[in-house]
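Per TrEMBL, the features are as follows:
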type	residues	note
TRANSMEM	17-37	transmembrane segment
TRANSMEM	44-64	transmembrane segment
TRANSMEM	84-103	transmembrane segment
TRANSMEM	115-135	transmembrane segment
TRANSMEM	141-159	transmembrane segment
TRANSMEM	171-193	transmembrane segment
TRANSMEM	239-257	transmembrane segment
TRANSMEM	269-289	transmembrane segment
Amino acid sequence: MPGPQCLFSQLPRHPNLLPLGILGGAGVLLSSCSLATSASTSHWFSFLLFALVGFIAQLIDGALGMAYGVSSNSLLLSLGVPPAAASASVHTAEVVVTGISGASHWKLGNLDRELVKRLLVPGVLGGVLGAYALTSVNGEKIKPFIAAYLLLMGLRIVLKARNHRGQHRRAYRHTSLLGFFGGFLDAMGGGGWGPIVTTTLVARGNHPRYAIGSVNFSEFFVTLAQTATFIVSLSYAEHWRVIAGLTLGGMIAAPLAARMTRKLPAKPLMILVGSLIVALSLRTLWVSLAR
């Protein structure tokens, strides 16, 4: 029987195992968290679970440029946190976490300055408008349409990765419009800045490293604007344990995730991004249509 070193040495030769490993591990974590909270838990134990949720969600988001909100919300709901409290806590924790993640990507040279300039201001404007619009429009109703779009984009990335030969181009066309709608739909649907913007940029041919780094850097400013808008009508004081746990776990994971983005080869990273988007989009479609 081959030892652990032999098994791990085969992973680079089989990059398709990476997405399955990430998704499988997330599923195991979700199940274990649900079982762990079936009995009464102490405040400190629940805080550590929230920190673990923040760590896992930020590790995925920081390395792949997407899925912090979806991952953390799913895990928090499995822990028994009410939906409104989960959403409020995630938005607040994201301000700190995305700031550290963006700074890490900037320090490691994962930014395309032109992409950042074209994404940042339109993304902030879209996020503020989306947050205001959410008070009168049900964001849940547009989630199936977003999920269908992301599903197609995820499949496109996976197919493109199969023929990948290490060639990338810098595609800036309509990037400002993409940033605006990414910020707007993120606020309306409770998540989607990373999946919408990163997925589109990578599918256009931008290098995953610079697309992910630029989107993560811009996300801090988009999240800050959204949170400032939401905080006017929402009270977060009673959810301090969830917020503190998510923030702590995300702070620890952010620098690690940025290094993963820098060192992973482009082809497995594209497969990982595409596979994650396909899985999350199918989940969103299933939940939305089942209601």
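Glycine too: its Cβ is placed from the backbone N, Cα and C atoms.
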Close approaches to the transmembrane segment (84-103) from elsewhere in its chain (Cβ under 8 angstroms; 6 or more beyond its ends): 54, 58, 61-62, 68-69, 72-73, 76-77, 190, 216-220, 223-224, 226-227, 230-231, 234, 236, 238-239, 242-243, 246-247, 250-251, 254-255, 257-258
Residues from the same chain, set at least six apart from the ends of the transmembrane segment (115-135), whose C-beta lies under 8 A from its own: 170, 172, 175-188, 193, 197, 201, 206, 210-211, 214-215, 217-219, 221-223, 225-226, 229-230, 233
Other parts of the chain folded back onto the transmembrane segment (141-159), taken as Cβ under 8 Å at six or more residues beyond its ends: 185, 188-190, 192, 195-196, 199-200, 202-203, 270-271, 273-278, 280-282, 284-285, 288-289
